[in-house]
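Asks: The structure that follows is given in the form of structure tokens.
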Amino acid sequence: MSPKVLAVFVLCAILVVVMAGRTGTETGGNKKDTLQDLKKRTRNCFDRFEKGTCKMAKRNGACEWSDKYEMNCKKTCGLC
């Protein structure tokens, strides 16, 4: 291998490693939404799940420990 090809290969490898370490930073990479982000974006107060499902979740206390029911049964769980 010629030194130029080897140098290009090494520089590309360094670039890949650096960019892989920057995901989710100020560059707007692959940042996953947190529960707080979803709550901020969800302004309407309604239940996405069926009425019976939300009532069962409230009766079993799932509104307090389950993020799934907390986000999808807002009205029944009394979160808005």
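In case you wondered, yes, glycine gets a Cβ from its N, Cα and C as well.
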Asks: Looking only at C54, C73, C77, which is named in Swiss-Prot as the disulfide mate of C63?
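Replies: Here Swiss-Prot pairs C63 with C77 via a disulfide bond.
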Asks: Do you know which of C12, C45 Swiss-Prot records in a disulfide with C80?
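Replies: Disulfide pairing in Swiss-Prot: C80 with C45.
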Asks: Translate the DSSP assignment of C73 (disulfide bond) into the three-state scheme.
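Replies: For C73 (disulfide bond) - judged by DSSP and reduced to three states - the answer is strand.
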Asks: Just how many other Cβ atoms lie inside 10 Å of the Cβ on C45 (disulfide bond)?
Replies: 10
Asks: Could you say which of the disulfide-bonded residues C54, C63, C73, C77 has its Cβ with the most other Cβ atoms inside 10 Å?
Replies: C73
